[in-house]
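This report refers to the structure that appears directly beneath it.
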Amino acid sequence: MNVFSDTAFDGHEQVVFASDPDTGLKTIIAVHNTNLGPSLGGCRMWPYASEQEAIHDVLRLSRGMTYKSALANLPLGGGKSVIIGDPRSQKTPELFRAMGRAVERVGGRYIVAEDVGTSPADMEQIASQTQHVGGINDGKDPARTGDPSPFTAYGVFIGLKEAVRFKNGHEDLAGLRVAVQGLGNVGYHLCRMLHAAGARLVVSDLNTDSVNRAVDEFGATTVSVDEILYTDADVLAPCALGGVVNDRSIDKIRARIIAGAANNQLEADRHGEMLREAGILYAPDYVINAGGVVEVYYCREGKPVAETNKHIEGIADTVREIFERADSQNLSTGFVADRLAEERFGKS
């Protein structure tokens with residue numbers, strides 16, 4: 001089992017392995033960087049094929065949270081936790097209470113939130129054992145439901161508009177053709193915002209009910225999941241799987257702007273440079289999809305949704321700075337985003 005030599009280790013401050021035989025809990029908590037504040041990151045429950053796979057995933061994800069929080073202008077560092085197990089069959093309230101005790105033992109250096117395989121109900125169980133939990137809805141603000149996806153979508157919408165402004169000289173979306181890949185919670189909320197702004201939508205998803213709903217509600221046109229990346233559109237918004245920008249797809253992408261919610265849209269860093277050379281403006285995904293993290297922070301601080309949204313609107317300023325630096329220095333937007341994040345959190 002490798003930890004220090006894992007490619008994603010990158011100076012992690014702390015990695016905690018915890019177990020609870022009574023509940024079957026096996027968890028890894030990774031704290032990447034706390035220069036700006038306590039680390040925040042979701043708890044992912046997944047049936048990893050090996051412990052090494054779980055280690056690599058938690059290290060990679062916690063590092064990414066440091067960069068995301070820094071560029072979201074939050075007083076937070078980056079962390080993550082994983083529970084090794086199948087969320088479909090191995091969840092119990094007792095397991096998550098044991099997870100809460102594990103988080104408590106980290107002493108406030110890590111704030112947990114929901115992620116893939118975990119839910120608000122699971123976070124409630126964790127919160128019974130520790131105060132270091134984000135995204136718990138206290139019921140005081142009726143606009144706050146505990147679902148971060150509308151806030152994530154709003155940040156993507158703000159970033160997409162800024163990309164259009166930078167590329168086209170204005171941020172008017174009326175009549176623009178936007179291809180949205182993936183109609184999950186975030187993708188569907190994004191479609192609603194784009195439709196209200198006058199964009200023409202092309203959508204794709206494996207869930208035909210979601211596709212039909214988008215056709216009825218937004219007048220969207222549809223293409224197959226195999227065609228959506230290459231459809232004739234002004235903007236491509238990947239909101240499903242990562243790695244969709246790769247050696248096989250770049251030459252066939254017709255959109256001149258890529259701005260979506262999916263994590264890790266570039267299969268490799270070099271694909272950012274290939275997009276630049278192709279004249280395609282890429283809004284770095286971890287910059288524009290940070291609205292959910294902002295909401296988790298503001299919810300934890302007890303601040304109203306209006307303040308959350310105002311903070312999310314600041315994503316436009318960060319994206320603009322990235323675009324301007326990248327343009328003036330002939331660098332990829334992803335490279336510039338990483339360097340800007342490192343400036344903010346003080347990478348040694």
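Backbone N, Cα and C atoms are what each Cβ position is placed from, and that goes for glycine too.
TrEMBL lists K80 with the feature active site, proton donor/acceptor. For G182, L183, G184, N185, V186, G187, the entry in TrEMBL reads NAD(+) binding site.
Annotated features, which come from TrEMBL, shown on the structure.
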residue	record	CB count, 10 Å
K80	active site, proton donor/acceptor	29
G182	NAD(+) binding site	26
L183	NAD(+) binding site	24
G184	NAD(+) binding site	16
N185	NAD(+) binding site	16
V186	NAD(+) binding site	27
G187	NAD(+) binding site	27
How far is it from G187 (NAD(+) binding site) to K80 (active site, proton donor/acceptor), counting Cα to Cα, in Å?
24
Can you tell me how far the Cα of V186 (NAD(+) binding site) sits from the Cα of K80 (active site, proton donor/acceptor), in Å?
21
Neighbours of G182, L183, G184, N185, V186, G187 excl. site residues, C-beta within 8 Å of centre, NAD(+):
S149, Y188, H189, L190, D205, S210, C239, A240, A261
Cα distance, K80 (active site, proton donor/acceptor) to L183 (NAD(+) binding site), nearest Å?
26
Tell me the coarse DSSP state (helix, strand, coil) of K80 (active site, proton donor/acceptor).
strand
I need the CA-to-CA distance for K80 (active site, proton donor/acceptor) versus N185 (NAD(+) binding site), whole Å please.
22
